[in-house]
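Engineer: First, the structure itself, so that you have it in front of you.
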Amino acid sequence: MDDLLAEFIAETREMLEAMQGELVTWEADPTDRERLDTIFRFVHTVKGSSGFFDLPRIEKLGHAAEGALADVRAGKRAADGPLINAVLATIDRIVAMVDAIDAGEAFPEGGDDEFVMALEPDAENGSEVEALIADQLNDEGRKNVVRPARSIRLPVPLLDRVMAGISDIVLVRNELARAIRHSEVDPVVSSTFDRLSTIVDDARQDISRMRMQRLEHLFATMPRLVRDLSAELGKHAMVEIEGGQVELDRELIELLRDPLMHILRNAIDHGIEKPARRLAAGKSEIGLIHISARQTGNSIIISVTDDGFGINTDNLVDRAIAAGVVTAEAAAQLPEEERIALMFQPGVSTADQVTSVSGRGVGMDVVRANIESLGGHIRVTSQPGNGTRHVISLPATLSIIPALTVKAGGQSFGIPRSYVEEIVSVKSQTLEFDQAGDTLLVKFLGQRLRCCSLARILDLEPVAGSQNAALLMIRLAGGDLFGLAVDEVIDHQELVIKPLPPSITATQLYTGSSLLDDGSLILMLYMGAIAIREGLVSDVSKSSRKSTLKGRQKAIATAEVSALLVVGLDGKRRIVRMDPVSRIQKVDSAAVRLSDEGAQVVIDGDIYPLAGTGYGPIGDGEVNLLIFSDGANHLAYAIQNVVDTIHIANAVLPGEKKGEIEGVTLFDGEAVEVLDCHWLFAQHDGQGQRTASRTCQIDEADPWVRTILRPMVEAAGYRIVDADSGEDVDIAITMGQQETMPARAGQVITLTNDPEAADHKDGVIYRYDRGTLLESLMKQQRKSA
Amino acid sequence: MNISVVLVELAGQRIALPSLEIDSVIEIDKITPVPGAPDYIAGLASLRSRALTVIDCVRMLGLNDYENDDYQSAVVFNCGGHDYALLVEVVEDVADATTEPVPVPGGAGEMWSKISDGLIETNVGPAMLIRTETLINSLKQKKR
């Protein structure tokens with residue numbers, strides 16, 4: 001709304017500026033019909049808009065002026081001096097009010113009626129109006145000189161030069177820092193240098209913010225676009241915008257404009273149905289398009305959601321088949337997600353007819369290419385009948401990309417971090433390589449993946465037998481996964497990317513270059529294009545092959561379960577199914593607490609129940625833990641070490657007694673015990689860390705509640721909610737004397753100081769009746785579980 | 001035509017580059033190779049925080065047999081928003097062109113005529129004039 005209001009203010013000023021001349025001309029020649037029309041249009045528009053924005057005073061003035069001018073236009077009134085004066089004075093007053101709105105000030109109350117009266121046909125002589133105008137000039141006319149937020153406009157090249165300058169300063173600073181480190185320098189020099197260094201860092205940060213612009217600038221044009229398009233297509237659509245204050249690199253904003261427009265066009269053209277159809281489907285007549293932006297970490301997520309018809313995937317698939325991008329057999333096997341992804345194929349359009357708006361077959365493929373070239377990706381999901389959602393994710397700045405620096409063939413390269421799913425050391429021997437024809441395959445999490453050597457892709461001599469060789473698991477935007485072998489992973493850092501000239505980008509290998517802190521240059525790899533060149537992705541003929549491959553792998557997967565082979569504290573090997581393992585973690589043994597009721601371990605400030613301690617003592621130093629997760633609860637399991645990731649191919653023979661061992665299976669010709677995670681969770685349920693789904697509201701102002709009651713409630717597995725938060729809670733505990741009962745609680749327990757007053761049926765419990773109180777809490781827990 | 005030109009030696013010949021188009025003349029110490037790029041792209045070099053694309057004109061002219069390891073100087077210029085460094089053997093001097101560029105009588109050879117704007121006379125003798133824009137455009141044409 002604020003955006004629209006700002007637009008209204010800007011528009012009003014603009015119209016007025018354009019009209020200044022007209023006003024003067026009209027005053028000189030009141031019979032000039034064209035001028036009169038222009039002025040009439042102005043007051044008419046202002047009246048309309050102010051009605052929309054609920055600005056009754058402006059609306060009233062506008063209405064009066066409009067009425068007077070309409071009479072003049074209809075020839076009912078002559079445009080005499082007093083009338084002209086009154087109109088001009090009214091316009092001035094409207095502008096003064098608009099200025100006040102912009103400045104966020106209150107406009108002095110009252111005084112409007114005089115203006116309205118002056119515009120009446122039977123207004124007396126002009127002197128009154130003259131006085132009004134004079135008053136206005138003295139009182140408010142001059143006072144309302146608008147003072148918007150102070151800002152200046154700068155030419156972009158100057159900004160770029162300043163940025164280049166600061167980058168140079170940083171480089172020199174780094175060089176100087178190295179020099180100072182390596183020589184004996186007067187402490188005064190080095191401390192002064194440190195100060196300088198801090199200042200340079202601050203300046204760099206501020207300057208990099210200069211590149212940022214609010215997304216509002218882009219979003220501001222959307223409502224108009226949606227209005228025009230829907231009018232053209234005979235549909236009703238409204239746009240709702242959220243997150244316009246998110247900042248994005250100004251170049252990115254410009255580059256994002258076209259893809260977003262395209263998506264909006266699609267949403268209105270294909271997504272939103274005609275009003276009659278919407279009504280028939282039980283939706284409101286007006287389609288809603290919701291655009292939102294938010295920043296998460298280093299990336300910006302922009303989503304465009306419409307509540308239209310959704311994507312007709314059958315139709316889409318038919319068209320894709322017709323366009324020859326996929327065969328009918330291959331299409332039949334595609335999962336829904338990939339069927340939707342067909343829209344990104346060149347030449348595929350879902351438009352039933354080619355309109356001036358869309359359906360020309362150039363479309364989403366270009367959108368995807370644009371977004372990927374910005375280092376982002378786009379995903380589309382659709383619910384048939386309920387709408388479509390486009391989610392674009394982009395790096396926050398175009399020029400700074402979190403990247404891995406790697407070595408291949410003796411040279412360093414950068415890979416955008418977003419592509420790298422996992423780094424596996426080749427030395428770790430957990431990898432299984434197979435040669436298939438000319439292709440090297442690697443087995444990763446139960447899938448056989450193509451493995452490429454970066455050095456070979458770039459035609460470089462790989463460094464033989466590098467000790468630090470690693471395999472990067474690269475996840476491409478389309479979801480395809482492959483292994484990229486490098487000689488060494490050097491570091492993870494944020495790289496400032498500079499563009500490359502066309503003669504180098506033509507290689508389709510690099511997206512840019514970056515200067516490292518030591519002044520050396522590295523090239524940033526263009527993973528998307530490399531993958532295509534290496535035949536690793538999806539044109540769909542390939543992705544369908546991938547799907548059949550996936551099908552085969554699924555068949556394998558049902559027979560084989562991936563698992564971890566670990567050594568327990570007793571030194572015996574055990575197998576743990578991979579799925580519940582969320583991570584492997586080392587903690588200091590001091591974080592482990594053993595007691596009669598069970599063991600716990602503190603990890604990153606949370607308490608986890610700890611299992612596996614029964615097998616042997618926990619030594620000093622560090623303990624290896626497997627962290628299991630069932631989605632809601634976490635559990636740690638102590639082990640000596642992890643041996644390998646394996647696949648259980650053989651059946652698990654159930655164990656004889658119920659316990660943490662599910663059974664035994666044959667592995668390496670040996671019977672190895674398999675852990676029963678279900679039993680572990682069942683055993684440790686209700687203890688320790690859980691995502692506290694149950695909430696309890698207590699009055700923390702009471703010291704007894706805060707210090708004595710609260711720990712007990714928390715121990716029972718509740719999250720304490722502040723009384724003022726207005727959140728719904730499962731249970732609320734109040735002290736007897738409290739009058740206000742929290743209305744939004746599932747159950748209310750009242751504690752009393754008087755044992756006699758306790759009445760369990762009414763939920764009144766004596767405050768030291770621990771058993772009953774706990775029982776009530778548990779009962780509620782079971783209810784809500 | 002009375003423009004100032006920088007005279008350099010390249011592939012054993014005297015070349016004139018318009019002074020106004022030249023940013024600076026530098027000594028290049030380290031070139032980062034760009035695997036996969038055409039051979040006339042010697043690589044990237046850094047000049048303060050700028051990344052320069054280093055052009056090896058000898059390779060561009062297809063004079064693969066021409067031996068010269070003497071590449072230390074480079075002429076830096078900006079074209080189309082990108083910074084380039086043209087490797088040269090010797091930077092001679094700044095001179096004034098006394099004539100308009102004219103086609104070389106009898107032709108200068110295919111590649112030379114692509115990268116060069118013609119022959120000019122200077123106060124120290126004739127030189128092939130290379131405008132940076134002509135040079136960069138010829139790179140585009142040579143794109144494989």
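These residue numbers are counts, starting from 1, taken along the chain as shown.
The backbone N, Cα and C atoms fix where each Cβ goes, glycine too.
These came from TrEMBL, pasted as-is:
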DOMAIN    A:1-101  domain 'HPt'
MOD_RES   A:His44  phosphohistidine
DOMAIN    A:147-398  domain 'Histidine kinase'
DOMAIN    A:400-536  domain 'CheW-like'
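Could you place the listed features in the three-dimensional structure?
Structural biologist: Neighbour list (A:His44 (phosphohistidine), Cβ cut-off 8 Å, at least 6 residues apart, same chain): A:Gly62, A:Glu66. Following the DSSP three-state reduction, the secondary structure of A:His44 (phosphohistidine) is helix.
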Engineer: Can you give the mean pLDDT for the domain 'Histidine kinase' (A:147-398), rounded to a whole number?
Structural biologist: 79
Engineer: Sort the residues of the domain 'CheW-like' (A:400-536) into helix, strand and coil with DSSP and give the three counts.
Structural biologist: 21 helix, 73 strand, 43 coil
